[in-house]
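Asker: My questions all concern the structure below.
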Amino acid sequence: MNSSKTTICALASSVGKGGIGIVRVSGPLCKVIAKKMLGFIPKPRYAYYGLFFDQESTEIDKGIALFFPKPYSFTGEDVLEFQGHGGMIGMRLLLESAISMGAKLAESGEFSKRSFLNGKMDLVQAEAISDMINANSKRASKSAFRSLSGDFSNQINGLTKSIIELRVFVEATIDFSDEEIDFLQFDQVKCKIKDIKQTIETILKSATQGIILREGLNVAIAGKPNAGKSSLLNALTQESSAIVTDIAGTTRDVLKETIHVNGVPLSIIDTAGLRNSHDKIEKEGIKRANFEIEHADVVLMVFDAQDDKPDLSILPKNINDQSLLLIKNKVDLTSGAIKREVINDIVQLSVSAKYSEGIKLLRKELSNISGLEDLSEGVVLARRRHIIALEASLVSIGNAIMQLEIGAIELMAEDLRFAGQFMGSITGEFSSDDLLDEIFSSFCIGK
């Protein structure tokens, strides 16, 4: 247990006015603070209703107090909670009283960090707390809860155990190569390591889906001026987010709105019309438009249905055709119908943004093109660092397979060691202080 010598305190409820406000205290001074602010030490895990006092024994509030002795608490340390009236001044008085008695104001995520360091949860579960707080859809919240409950950690720990067990067998073969011991045969080892590789690939696919669920996708709307880009944004968001006129070049800056498709957040980005311009302001808007288009996950190339075909030459050169979706807009001005077709391996949708016709088709296509339809209900939220670690582990396993093929058993054992370390970094078994600081600094103060 990594018990800290300092005692921390923070507001654990939302900042602002509310029916109830909570101040949380954790550390070795909890009992001292309880005696001064309550007049007694509460019985563990029992709720007590009474007066709260400041450092001068003046009554400052009345509410419920809870005490959780170490190690049976969230942080693994003594924890004291004051639940009072949710006014900003009242909460500040409680915090000031705790600080005057030796506590210090907690840093962002410090309660969760202490919980991790004291072995109450692993790094994935700690991150899941933040993900639950910041979840922007029901699906994301449920997935974060699965991570908090240990689903993702169990997958990683099981895989890490398999890698370690295989490495033990391989190293034993090295240590006792001159002995007549019946170790795993070549084909059995190869089968086991390929099973590990397949499992990593499966988890990596699920984690990649979890990234989409957690972070969403950026969808840039591109096209010439007056093609109906802003109308398309308004139709997708079902709001008048963008100004729509018949004057070309109305949109001069980037406008972003968020929608949800299949429980996944999509950031829809309306951009300035792409054309050659001598107007200084419009040129800056086009520059920003190109930046958003280049960095988008999906590009909606909007063109007028009265044109024969879209002018793809106006798009930045380094976008991926697979992320491109052609939107043939204003079909209400032609004899064309709302439909989906594939032209030169690129999906094209005929829509009328003005009358919101074909928008359901577009939302479904956004789900398809982004792979969101394949999201399983059991997916857990993941972070970029998880993907990096899984990919690195997969490379090491691939190297280990190659070393096995040529009989380089010692090098194979080393690659298995690397793979295990990469996997262990996900749950925090192997983590640097800098990584921990980066992760927990994004948390709320009271978590």
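Cβ atoms here come from the backbone N, Cα and C positions, even for glycine.
Got these off Swiss-Prot a minute ago, pasting:
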- R24, E81, K120, K447: (6S)-5-formyl-5,6,7,8-tetrahydrofolate binding site (BINDING)
- 216-371: domain 'TrmE-type G' (DOMAIN)
- N226, T245, I247, T250: K(+) binding site (BINDING)
- 226-231, 245-251, 270-273: GTP binding site (BINDING)
- S230, T251: Mg(2+) binding site (BINDING)
Asker: Between R24 ((6S)-5-formyl-5,6,7,8-tetrahydrofolate binding site) and S230 (Mg(2+) binding site), what is the CA-CA distance rounded to a whole number of Å?
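Answerer: Here the two Cα atoms lie 48 Å apart.
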Asker: For the binding-site residues listed here (R24, K120, K229), tell me which residue's CB has the most neighbouring CB atoms inside 10 Å.
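Answerer: Comparing the binding-site residues R24, K120, K229, the most crowded Cβ belongs to K229.
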Asker: Tally every other Cβ atom lying within 10 Å of the Cβ atom of N226 (K(+) binding site).
Answerer: 20
Asker: Measure from the CA atom of K120 ((6S)-5-formyl-5,6,7,8-tetrahydrofolate binding site) to the CA atom of S230 (Mg(2+) binding site) and give the result in Å, rounded to a whole number.
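Answerer: Checking the Cα atoms of S230 (Mg(2+) binding site) and K120 ((6S)-5-formyl-5,6,7,8-tetrahydrofolate binding site) gives a distance of 50 Å.
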Asker: Can you figure out which of E81, K120, N226 (the binding-site residues) comes closest in space to A272 (GTP binding site), comparing Cα atoms?
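Answerer: That would be N226, the closest of E81, K120, N226 to A272 (GTP binding site).
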Asker: Please state whether DSSP places A272 (GTP binding site) in a helix, a strand or coil.
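Answerer: A272 (GTP binding site) sits in coil per DSSP, no helix or strand.
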Asker: Can you check what DSSP calls K120 ((6S)-5-formyl-5,6,7,8-tetrahydrofolate binding site), collapsed to helix, strand or coil?
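Answerer: DSSP assigns K120 ((6S)-5-formyl-5,6,7,8-tetrahydrofolate binding site) to coil.
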Asker: Comparing the binding-site residues E81, S230, A272, which residue's C-beta has the most other C-beta atoms within 10 angstroms in this structure?
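Answerer: The residue with the most neighbouring Cβ atoms within 10 Å is A272.
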Asker: Which state, by DSSP, holds N226 (K(+) binding site): helix, strand or coil?
Answerer: coil
Asker: Taking just the CA atoms, what is the gap between K229 (GTP binding site) and K120 ((6S)-5-formyl-5,6,7,8-tetrahydrofolate binding site) in Å?
Answerer: 51
Asker: Pop the Cα-Cα gap between N226 (K(+) binding site) and E81 ((6S)-5-formyl-5,6,7,8-tetrahydrofolate binding site) into the table, whole Å please.
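Answerer: Per the Cα atoms, E81 ((6S)-5-formyl-5,6,7,8-tetrahydrofolate binding site) and N226 (K(+) binding site) stand 59 Å apart.
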